[in-house]
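Taken from TrEMBL, the feature transmembrane segment applies to 7-30, 36-55, 67-97, 103-125, 151-169, 175-195, 207-224, 230-245, 257-280.
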Amino acid sequence: MIINLSLILTIMIWKKLPLYILMASFLVLNIYAQHIAFRLDLLMIPLLFLQFFILKKNNLKLILKIIFTLIFLIIGILIHEVYFLIASFPLFYILYFKLGRNRWMYCTVVFLPSLVVFLLMVILFKGNVSSADNIILSWERLGVNPKHLSYLRWLFSLKGPIYIIYNVAFVKNKFYLVGFLLNYILVCLCFYLYIKQCFFVNKRNTIFILGNFSMILILCCIATDFVRWYYMVFLVILFYFVLFEKRKSFFINKKYLILKIFVLFLGLPMYGWTFTHFYWTSPIKYIIELKKYF
């Protein structure tokens with residue numbers, strides 16, 4: 001948690017970026033308020049930044065960039081298979097558009113072995129109820145009572161992926177699905193305007209932004225940890241622009257005043273979508289609750 005937050009703050013202060021976006025439900029606030037930042041797979045955030053940073057280094061030989069990209073991509077997949085889905089498009093984009101000659105060869109060398117590892121993780125090593133019991137038993141033998149691991153039994157007992165169309169809230173009321181999609185559009189629009197406020201956005205890097213926005217929908221169709229997907233994908237976009245694109249020399253803050261206010265009222269439910277959860281995950285709700293401490 002501390003590593004991720006320190007990394008984000010350091011980058012934003014280094015590039016003198018407006019900090020108001022950190023209050024957004026889709027970036028830092030919800031992640032830490034809902035304790036999602038304690039998950040092991042958030043090790044992927046510094047790993048992603050490290051990969052981008054290595055590819056940006058001009059004094060590093062190209063072959064070393066390719067080797068490090070492949071190694072770190074496989075390490076990320078071993079941490080969590082979703083790393084392949086989050087990192088593949090931005091890394092492909094950088095390798096193809098930023099490294100020049102032989103770009104198809106570089107992409108093949110990096111992504112073919114990574115795809116094999118990803119498929120092995122998803123198909124052969126996805127685990128089962130017996131695996132979950134063995135994990136819990138091994139902790140108990142060490143004298144630890146891992147109550148927080150009991151969810152593993154539930155996770156491995158599920159029949160197939162947790163697709164969004166089977167989400168309980170969406171099955172009960174299709175209006176919630178409309179709410180989720182509208183929420184998705186508003187959140188992506190807010191973050192796009194923030195990027196446009198800070199960096200020069202052209203047709204090519206707009207493709208990069210939209211490609212990553214599309215990945216959010218794909219991830220939400222696989223698992224319902226919505227906040228986490230927005231958080232990681234938006235940081236991918238931010239890392240890319242910080243390292244590879246030109247920052248604007250000044251910000252037109254008055255033009256984006258409405259955005260700053262709107263962000264405070266924009267919630268992002270972690271599971272499904274309801275009006276109640278929308279409010280409970282909005283920054284304004286956290287601000288209102290501060291009165292308890294005064």
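Note: Cβ is positioned from N, Cα and C throughout, glycine not excepted.
Since we're looking at a predicted model, the values are computed, not measured.
Of the candidate ranges 67-97, 103-125, 175-195, 207-224, 230-245, 175-195 contributes the most Cβ pairs within a distance under 8 Å of the transmembrane segment (257-280). Sequence-remote contacts of a segment are chain residues at least 6 beyond its ends whose Cβ falls under 8 Å from one of its Cβ atoms, and for the transmembrane segment (175-195) they are 18, 21, 24-27, 164, 169, 201, 209, 213, 216-217, 220, 230, 234, 237-238, 241, 256, 259, 262-263, 266-269, 272-275, 278. Within the same chain, residues 8, 11, 15, 17, 26-28, 30-31, 36, 42, 44-45, 48-49, 52-53, 56, 86-87, 90, 94, 98, 187, 191, 195, 198-200, 205, 208-209, 212-213, 215-216, 219, 268 sit at least 6 positions outside the transmembrane segment (230-245) and bring their C-beta atoms closer than 8 Å to a C-beta of that stretch.
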